[in-house]
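Below: one structure, written as C-alpha cells.
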Amino acid sequence: MEENWSAMQQKAVQWIQEAGELLRASLEESLIIETKSNPNDLVTEMDFKIERLLTKKISEDYPGHRILGEEEAGADIMDTDDIIWIIDPIDGTTNFVHQQFNFAVSLAVFENGIGKVGIVYDVMADEWFTALEGRGAYRNGVRLPKLKPAELKEAIVGINARWIKNEKIPYARQMRNIVDESRSTRAYGSAAIELCYVACGRLDSYVNLWLAPWDFAGAEVLLREVGADISTIDNQRPSMLEKGPYLAGRPGLQEKVRGMLNS
Ligand code: IPD
Ligand code: CA
Ligand code: CA
Ligand code: CA
C-alpha cells in the first residue's frame, strides 16, 4: 500500500502545535525536574507528557505503526522494518530548564530505515523545519535551497566545547584541529535545531559524539533534501537503533571534516 506521507506530516504538525502550546504554558509553572544517567542529564515531567501525547495521537490514527521515543516508547524495538515514528519530545531539555529557549520537538517517520517525513519545531522561535523525502525541505513553509560547498576556513562549525578540552575524550585532538581551522564555532544545545541550522545554512558543519536516533531523525530528512550529509565518522548512515558519534555538513566540507576526524 502506498503511504500518504504528506497527510502524516500535516497531522503531525497539528499535534506538535498542540505540544508547543503546552510547552510554552508549562514555562509559567514550576517544573518537576529529575536527573537520568548523570547529574547533567535532565528530564522533566513535560518530556514525558509530550512523548505520551504524541504517542497517543500516532497510535490512534496509525495503530499498525511502531513508535520509538527517547523517554518511554519502543524500548523493545530491535529492527528498522516497516514504519517507525521517532519522537524526541523535548530536544534540548537543559535549555528548556535553564534558558527557556532553544529547545525543539522532533518527529520523524522512517520506513525500512529510510526517512520519509521530518519535522523539527523550535518552540520559542516558533520556527518549523519540515521535509518529505524527494519533495524538499522547508523553513516556515519556504523551500530551502540545495547547499553549496564551503571551505573549512570560511565555515561555522557546531561543536560542544566540553569535548575538545579533555584528552580522554575520543577525537579531542582532531576536534581541536577542526575548531582551529574553522572561521568560528557555535553551540546551541539542541542537536535537532543545530542539524536544521546546517540544513538552512546557519551552520556549515556539525559534530556530536553522542547522538541517539531521536536527536537526528527529524533533521536527517531535511539534511538529505538539501544535499547535506549526516554520517558516522567512518562514513556509514546513522543507526536507527544505537547512539553514536555523527557529523553533518555541506557537500565537500563534510568530507574534509570526516577526513580530519580520521587523521
Ligand atoms: C540532547 C541535546 C544536546 C546534545 C545531546 C542530546 P536531549 O538531547 O540534543 O544538544 O548534545 O547529545 O542528548 O536530551 O536534550 O533531548
Ligand atoms: Ca534527554
Ligand atoms: Ca535529544
Ligand atoms: Ca529529549
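Backbone N, Cα and C define each Cβ position, glycine as well.
Within the same chain, residues at least 6 positions away in sequence whose Cβ sits under 8 Å from that of GLU70 (Mg(2+) 1 binding site) are ASP47, GLU51, ILE87, ASP88, PRO89, ALA212, TRP214. The annotation Mg(2+) 1 binding site is assigned in TrEMBL to GLU70, ASP88, ASP91, ASP215.
The Mg(2+) 2 binding site annotation in TrEMBL covers ILE90. DSSP gives ILE90 (Mg(2+) 2 binding site) a strand state.
Of all Cβ atoms in the shown protein chains, 32 besides its own fall within 10 Å of the Cβ of ASP91 (Mg(2+) 1 binding site). The distance from the Cα of ASP215 (Mg(2+) 1 binding site) to the Cα of ILE90 (Mg(2+) 2 binding site) comes to 10 Å. Listed in sequence order, the binding-site residues among ASP88, ILE90, ASP215 whose CB lies under 6 angstroms from an atom of ligand 4 come out as ASP88, ILE90.
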